[in-house]
Amino acid sequence: MTIAIYAGSFDPVTNGHMDVLKGALRLADEVIVAIGVHPGKKPLFTFEERVALIGESSKAILGKDAGRVSVISFDGLVIDAARKHAAQLMVRGLRDGTDLDYEMQMAGMNGTMAPELQTVFLPADPAVRTITATLVRQIASMGGDIKPFVPAAVAAALNTKFKS
């Protein structure tokens with residue numbers, strides 16, 4: 001059984017993240033979405049909220065394949081989380097050349113520390129290439145329409161966060 005790990009902050013999960021998750025499910029039997037927890041960062045959504053939003057979004061977008069997705073938290077190195085959960089693949093999404101430069105450096109470092117873990121790059125679909133969670137949060141905070149950029153459950157949660 002092939003297990004992939006897909007790490008990020010997912011604050012919030014976007015249509016771009018879901019595009020990468022769909023691609024990862026074509027490569028692996030199971031995909032672990034690993035939410036990085038950083039003590040110095042104050043996310044908009046709690047870990048529990050992000051787990052729920054990833055779950056709801058997966059059910060809505062992936063259908064029966066949502067059962068092949070699990071969500072964990074990790075602090076420290078993603079390679080340690082990958083080893084703990086017996087992942088063989090680390091999935092990374094690429095939006096542009098800037099992402100590629102950074103991700104190649106990370107893949108090189110991770111490959112040195114964990115040669116058994118293969119990094120796989122998935123290019124973003126052009127329709128979601130410009131989406132970032134940071135921009136989504138900014139647009140939502142200013143009352144803009146974020147529906148084109150995030151799953152429906154996330155749009156509702158963002159609207160609730162910024163109306164209170």
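We count from 1, first residue shown onward.
A Cβ is built for glycine as well, from the same backbone N, Cα and C atoms used for every other residue.
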Co-listed ATP-binding residue [Swiss-Prot; alongside Ser9, Phe10, His17, Gly93, Leu94, Arg95, Val128, Arg129, Thr130, Ile131, Thr132, Ala133, Thr134] among Glu103, Glu116: Glu103
Reduced DSSP assignment, Arg92 (substrate binding site): strand
Candidate nearest Val78 (substrate binding site) in space, where candidates are the binding-site residues His17, Leu94, Glu103, Arg129, Ile131 and distance is Cα-Cα: Glu103
List of residues, in chain order, with Cβ under 8 A from that of Lys41 (substrate binding site) and at least 6 apart: Ser9
Cα-Cα distance linking Glu103 (ATP binding site) and Arg92 (substrate binding site), given in Å to the nearest integer: 8
Residue with minimal Cβ packing [other Cβ atoms within 10 Å] among the binding-site residues His17, Arg92, Arg129: Arg129
Residue among binding-site residues Leu94, Ile131, Ala133 with least C-beta crowding, 10 angstrom cut-off: Leu94
